[in-house]
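Working notes, beginning with the structure itself.
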Amino acid sequence: EKPQDGEVTVVNTDSLLKKPTVKWFKGKWMDLASKCGKYLQLKETFDRNTMVHTFEMHIISAQANFAGAYRCEVSFRNKFDSCNFNLTIHGDSADGNEDSGELDFSTLLKKRAVHVSTEPDVDVWELLKNAPASEYEKIAFQYGITDLRGMLKRLKKMRKDEKKSVAFLKKLDPAYQVTKGHKIKLAVEVANPDVEVRWLKNGQEIQPTGRYIFENVGNMRYLTINHCSLVDDAAYCCLVGEEKCTTELFVKEPPVQLVKNLEDQMVMKGERVELECEVSEEGASVKWEKDGVELTRDESFKYRFKKDGCKHVLIINEATKEDCGHYKVKTSGGESVAEVLVQEKQLEVYQSIADLTVKAKDQAVFKCEVSDENVTGTWYKNGVEVKQDARINITHIGRIHKLTIDDVKPEDEADYTFVPDGYAFNLSAKLSFLEVKIDYVPRQDPPKIHLDCMGRTSDSTIVVVAGNKLRLDVPITGDPAPTVIWTKGEKVVTEGDSRVRVETTTGHCVFTVEGAERQDEGIYSVVVRNPAGEDTADINVKVVDVPDPPQTPVILSVGEDSCVVQWDPPLFDGGQPIIGYVLERKKKQSYRWMRLNFDPYPETTYEAKRMIEGVPYEMRVYAVNSIGMSRHSPASQPFVPVAPTSEPTGLCVQDVSDTSISLKWRAPERIGSAELEGYGVEYCKEGTDEWIPAIQGLTERTSLIIRDLTTGDKLQFRVRAYNMAGPSAPATLAQPITIREIMQRPKIWLPRYLRQTLIKKVGDTVNIVIPFQGKPRPKVTWSKDGEHLDPTFASVRNSDGDTILFIRKTERKHSGKYDLQVQIENVEDTASVNLQIVDLPGSPEALKIMDVWGFNVALEWKPPKDNGNCEITGYRIQKADKKTMEWYTVFDQYRRTHCVVSDLIMGNEYIFRIFAINPVGLSPEPCNTKDSVFIQKTGIAYRPPTYKGHDFSEPKVTWYKNKVDISNEAKYRMLSKHGVLTLEIRKPCPFDGGVYTCKAVNDSGEDTVECKLEVPTQLKG
């Protein structure tokens, strides 16, 4: 026999971007996913309309050994929930042991009724006290009891029969439960309001502190425990003298929540990785996983786990490419995922060394800047390593490496190279020595500018990097010494700017700009004059810099774990061609940016991968030229990686006419984490590849009528679902459809309720809808009782698929047989509808009094002439006394036309009336009797009652204790006053307890009465 299925429904999924993960367990750890087969199946469904996931566990054939406790766990990212249920088998299975090995994991599944407990608080102690011993393990699993043996020992003590308490009016409950961090109040009620109590915890007396508070209010005694912790999970006892009552307090730990989630990280190979999270409770246990595999400490100490209060850190020493992946931390109340990317180290050159031309005795400085400040390097001169000495100084500060040569000599002229340690490339530059030759010149030598020995490009352009020093050292000759004027455009350059310095020495004029900027770019002219003449020269200075930031990136499309991003180049390239771009991404809620590429990417469109579906991301871009890297661009608009849906299912043709077609389909099986935006419908003619949209935009419905098509065309149709990621794969019809109406025989589909007589009350509205089929559109005709239906009598509305008969306010004349005819040419179909309009019946007639005898009256009448167009179901007979004229119902729903009214009161005069009853109700007016009936009095002689005389003489009273006469005992005092007998006992003691009897005797007889007296022992304070 197939048992009832077990279902778990996941609701409130508006915020879920993907399907949650569901696991079924038998017992504590047995995963049922591996046991699917002959006896067990796991299924899942998703309702697109209500956005509800339903997960089912089907038991194909229940076996006797399938009993036990089960658990279902639902998880999604850092959210987690679970529920427990039990399965029970009723009866024995004939083949209970057949193939039991396939599913026998310590009593697996049963034919059962599933009950998922949703009660917030359950008294586990009450369950254990009332449950048989065979159910203890099941209850322990269902409610998370780990120390079952300890609880059973306590339960055994609790089950001892308790004697009636003298000191306590109300004892402690057998057990209490409190959440960790909350407070609880234990209360007992004592018999003596002045008695003192003592509180014990595990046998040790509790002293009042800030956490333990004692209160005495009347007979109530309270113990309040503030900020409960696990140390408060113990047995508590309240003592009053030698008597005590005990209880058990259980402290329940709340689920540990993640306060701070993990963040994605990108590191270089060999660097240290630290993944840090923060939980809601100190000392809580967490579990780390990598790509679904739990991480543990190993002998190589690859992974280290660190706890610092609420912070938990996973440390990976010397990361390698194998450490890339998704790392997850799990707590009892949630989980968090982060991605770690490990890149090979690549060194970037931010500033290369430049060629130098210096004079004797000057200083030469070669400077370069690399991306890693920890990288060391070696300087070479013509392939020979340069050693530091008094003139040569080698420095490494941060990312900048310098080679300084003081007092330059001709032998220093050479090719100098810097080679970073561990990298297969080098940086080279040439040092040129400027030798100043002084030749004898005659007096009055005209000035001359010598630029042929300057280190410059072929087009006389000097390139300087922004921020560096611009030094123009121009050799000049002339006798007498010429004057030098520097100009930029039409403006004479002076030393007014603190950055500009102009110097003139014998044979040289030097123009220096400290920290070159972009506005320093241009053509500089130097003019030298003396009495013998003048000379001019132009020097083109170009200042190069890192480029401006690129334009804001735009997300072109997204995939399940990827996106395509595009951006525009920077407005200014820094004076050097753009080599490429560097991209970074981050999660929207994070502050850590991760670099996606280390080598400059030359295009302006990039596909980023390895993202998590459903998580919002942002992108930004850097531009790179030969000088260095720009500032980052503005961040893109947040986007969510999602995959297109699967194709729509069940595409079919509902109807075809000469100019239109009706299509219908079902929603895709997989929607994904993004919301479904709608459906696009397209068609193309047979033999062409041009798909034409059937409608503008998208439709949210799963059906569509496409109109204005050409008759006779053969068209192919397809439907695609759209979400944020774009269109899905198309759902296409199996073959082209010819646009031509197909002849269809007329057929009336008469609803079941119209196959019987339709009964309506007068004044009701009649709205009969009858569907039919037929192509082309059939002719519809209504008639009543064989005659054509007048439009003023009833309204008829027809459409392509149904006809409506409408009567706004019914009357009796609307009753009858209505015939419907649907006709296409010579083919027709007919149907009939019987309508019965009913009303209240008329009054009964000819009500007569047929006979009167004793207290009875016989009545007879005739049915009403108007039955209201339906059967008379009965009559209501009423009577009234002529004195009061108040009517009382004698019979209701009485079916005969004659009756006998009994139990009338003697001496009263009565009249009678009758209502007719049908299914609509009572007749508006009754039928009354014309004459009244008087109930005659019969002769009855009054006989006064006789009473027996009473003896009011005073009786003799005797008192007994335990059937022993105590009349002569001095301890007792007996009183009698006004018939009240009293026995007083002086100074009662426990010995006076017993059964006391009072006996009274006189001439009329005797009587006795007994009472039991108990005298308790006096309590000692």
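Residue numbers in this text run from 1 along the chain shown.
Cβ atoms are placed via backbone N, Cα and C, with glycine included.
The domain 'Ig-like' annotation in TrEMBL covers 164-240, 254-393, 447-540, 746-834, 927-1014. Here TrEMBL flags 549-648, 649-742, 843-932 as domain 'Fibronectin type-III'.
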Helix, strand and coil totals (DSSP H, G, I; E, B; other) for the domain 'Ig-like' (927-1014)
3 helix, 42 strand, 43 coil
Between 0 and 100, where does the mean pLDDT of the domain 'Ig-like' (254-393) sit?
85
For the domain 'Ig-like' (447-540), how many residues does DSSP put in helix, in strand and in coil?
3 helix, 55 strand, 36 coil
The domain 'Fibronectin type-III' (649-742), counted residue by residue under DSSP: helix, strand, coil
0 helix, 45 strand, 49 coil
Secondary structure content, the domain 'Ig-like' (254-393) (per DSSP, counts of residues)
3 helix, 72 strand, 65 coil
How do the residues of the domain 'Fibronectin type-III' (549-648) split into helix, strand and coil according to DSSP?
0 helix, 37 strand, 63 coil
